[in-house]
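Reading through the structure tokens given below for one structure.
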Amino acid sequence: MAVMAPRTLVLLLSGALALTQTWAGSHSMRYFSTSVSRPGRGEPRFIAVGYVDDTQFVRFDSDAASQRMEPRAPWIEQEGPEYWDRNTRNVKAHSQTDRVDLGTLRGYYNQSEDGSHTIQRMYGCDVGSDGRFLRGYQQDAYDGKDYIALNEDLRSWTAADMAAEITKRKWEAAHFAEQLRAYLEGTCVEWLRRHLENGKETLQRTDAPKTHMTHHAVSDHEAILRCWALSFYPAEITLTWQRDGEDQTQDTELVETRPAGDGTFQKWAAVVVPSGQEQRYTCHVQHEGLPEPLTLRWEPSSQPTIPIVGIIAGLVLFGAVIAGAVVAAVRWRRKSSDRKGGSYSQAASSDSAQGSDVSLTACKV
């Protein structure tokens, strides 16, 4: 996404965060795509990435030399040539639909041909711990703003403005929701089960967070206590601060969970405290990989060093993933009681299961 400005990347990231929350004990397969027009520089750039839970497993970039859907996880490499051929054809078809849509939307909004514009899309499905369908979704955005979304009933649409109402009427006339629902409840679920089974050593593992606390004096009267959680998987984690047993939610500075670049995640939460009162504050960490929640308290004798190099490296990788893959920050929710020891059967031997997990459905705006 090198053609995109930093502000656009922030919009993409914030949108992705709003879209990537799942239910406790559930698993998800999601595809994210972005098309960016570049007047005077050829065809729009199209990037698509697929995620199972917190793990990116496929990627396509129209600017890449291969012009192919490429694996991004070891367990997906076992799929045969037909899988890669059909997924490549499907994403290329989506890119051509987006190319037409960029021109159509520019007309809807009475925009000139000079500026660069973006179409974003997220679609996918969730299954419960038993592998059964929970929900499906598709959401589209234009220039970083909501455009149209499939409703929870998978039968109707919500349009964000008058331009999107035009698209809504077109899609209703074409019965697009019905086609999409068939994919979300069928092919998407079959492939998600298949991926969870083939990649279970990675996708169904739990890595407990490595935790510590740091102290930084900001004045003679105040200090910052920062609670760190590093090297954990899956991404869902809760860090909370308490003072004398009372939650300090309003006074807590909390960053989003960030990928560390090695398949694990990192997060911190900080509070400003009066100097000399550090012992009144405790950090509480909850994660699926912990047998019970952890409670941390500042110990002056330990004086740990803030792991600046590791965190900065993680942030750099985080930015690179956003720029290259559109969406890398995630907030999936799964709990140990529903997940540990789970097993998912292979998808049925049907045409969809043998061919492609990318949606075949695409409808012009």
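Backbone N, Cα and C define each Cβ position, glycine as well.
Here is what Swiss-Prot records for this protein:
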type	residues	note
TOPO_DOM	25-308	topological domain 'Extracellular'
CARBOHYD	Asn110	N-linked glycosylation site
REGION	115-206	region 'Alpha-2'
DISULFID	Cys125-Cys188	disulfide bond
REGION	207-298	region 'Alpha-3'
DISULFID	Cys227-Cys283	disulfide bond
MOD_RES	Ser343	phosphoserine
MOD_RES	Ser345	phosphoserine
MOD_RES	Ser349	phosphoserine
MOD_RES	Ser350	phosphoserine
MOD_RES	Ser352	phosphoserine
MOD_RES	Ser356	phosphoserine
MOD_RES	Ser359	phosphoserine
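On the structure: features taken from Swiss-Prot.
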residue: Asn110; record: N-linked glycosylation site; Cβ contacts under 8 Å, 6 or more apart: none
residue: Cys125; record: disulfide bond; Cβ contacts under 8 Å, 6 or more apart: Ser28, Met29, Phe133, Leu134, Arg135, Gly136, Tyr137, Leu184, Glu185, Cys188, Val189, Leu192
residue: Cys227; record: disulfide bond; Cβ contacts under 8 Å, 6 or more apart: Thr211, Met213, Leu239, Trp241, Trp268, Ala269, Ala270, Cys283, Val285, Leu296
residue: Ser356; record: phosphoserine; Cβ contacts under 8 Å, 6 or more apart: Tyr83, Arg86, Asn87, Arg89, Asn90
residue: Ser359; record: phosphoserine; Cβ contacts under 8 Å, 6 or more apart: Tyr31, Asn90, Tyr123, Leu180, Tyr183, Thr187, Cys188
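The region 'Alpha-2' (115-206): residue composition by secondary structure is 39 helix, 29 strand, 24 coil, according to DSSP. Asn110 (N-linked glycosylation site) falls within neither a helix nor a strand when secondary structure is assigned with DSSP, and so counts as coil. Packing around Cys283 (disulfide bond) is summarised by its Cβ count: 27 other Cβ atoms lie within 10 angstroms of its Cβ, all protein chains included.
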